Amino acid sequence: MGTQAAPATSEIAAVGVIGAGQMGSGIAQLAAVAGCGVFLLDSDPAALSRAAASISSSLGRLVSNLAWSQVACDDSVKRIKCVSDVEELRGVDLVIEAIVESEDVKKKLFVELDRITKPSAILASNTSSISITRLASATSRPSQVIGMHFFNPPPIMKLVEIIRGADTSEEIFSRVKSFSERIGKTVICSQDYPGFIVNRILMPMINEAFWALYTGVATKEDIDTGMKLGTNHPMGPLQLADFIGLDVCLSVLRVLHNGLGDNKYSPCPLLVQYVDAGRLGKKRGLGVYSYGRSSSSVKPKSSL
C-alpha cells in the first residue's frame, strides 16, 4: 500500500518563496533556519545569485559571532533551492509571494499558483497594503489565501502582520500563525482593511514628514532628529522612508487614498517627484538622503 498524503493540518515542511529581493531572500532564510525545505523562485538568475550570497553571508555572520555552529549554517543553506520555474512549487505546503506591490501582477501570479500548487497548499502574500480578499478572489481556494506581512529586513525585524481575507479559514490562520511563531516572529492580526495596522498608522506620518519638507517647515535632518529625540523613535520618518523604499511608500499611500477615500492619505507631491526621478531610497543609493550616489536636481521646494 502506498503512503497516504499528509493531512492539511500537518506542520508546514516545504515553503516556496517568490521574489529573490531583500524581502524574499530574508523570508527564505527564516524558513530554512526553521528546518523547512525552501524553493526560492525568481525569473532573474542574477537576483537568485545575489540572494544566495546574501543568505550565506547573513548566516556566516552568526557563525562568526559564535551564535551558531558552522554545521547548522551549512545545513540551512543546503535546504534552499534556487529555481526559475514556477512548476517547482507543485509540492510545497506554503507559498509566500514577495514580488512587486501591484494588485494586477499579484492576481496574475495567484491564478497561476492556484493552478500549479497542490489543493492543500496555502497561498500567502507579503503585501503591505493590498486587499487579501481581492487577491483570494483570483483563486478557487479563497479560504486558503492569507496575508503575511514581514518587515524589512525579515531576519532582524521581529514582527509578522497576519491578514485574514473575508474567507480565510480559522484552520489556515492557525497554521500560518504557528509557522510564523516557529520562525521566531511575534504575530499581530489585522482584518482586511487598506494598509492593515502598521502602514495605516505609519504611512500618514511619513507623508506628513514629506509635506513638512516640501513646504519648508524644516530641513530633512531637523525633521528626522525631531522625531527621533522628541518621540524616541529609533529612526526619523524620512530616513525610514528611504529604508522602506519611496516607491513602496507611494504605492501604500495610493492604496490608502483609493481604499479609504480620505484626502489626508493623498501623497505629497515631493514624494511623487522623488519616485518619478528614480530616487527610491537606500536600495537605489539615493532617496531623501544620499547613500553613495550624487543627488539629482529634485529639490524640496514647494510649488504652493
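Glycine too: its Cβ is placed from the backbone N, Cα and C atoms.
The domain '3-hydroxyacyl-CoA dehydrogenase NAD binding' annotation in TrEMBL covers 15-192.
Marked as NAD(+) binding site by TrEMBL: GLY19, ALA20, GLY21, GLN22, MET23, GLY24, ASP42, GLU101, LYS106, SER128, ASN152, LYS283. Annotation for LYS106 (NAD(+) binding site): same-chain Cβ neighbours under 8 Å, separated by at least 6 residues, are GLU97, ILE99, VAL100, SER125, THR127, ILE130, LEU135.
Residues within less than 8 Å, Cβ to Cβ, of HIS149 (site 'Important for catalytic activity') and separated from it by at least 6 positions along the same chain comprise ASN126, THR127, SER128, VAL160, GLU161, ILE162, ILE163, PHE196, VAL198. The site 'Important for catalytic activity' feature in TrEMBL is assigned to HIS149.
Here TrEMBL flags 195-291 as domain '3-hydroxyacyl-CoA dehydrogenase C-terminal'.
The Cβ neighbour count for GLY19 (NAD(+) binding site), using a 10 Å radius and every protein chain shown, is 24. All protein chains shown were included, and the count of other CB atoms within 10 Å of the CB of ASN152 (NAD(+) binding site) stands at 17. Of all the Cβ atoms in the protein chains shown, 23 others lie within 10 Å of the Cβ of MET23 (NAD(+) binding site).
Candidate binding-site residues: GLY21, ASP42. Fewest other C-beta atoms within 10 angstroms, GLY21.
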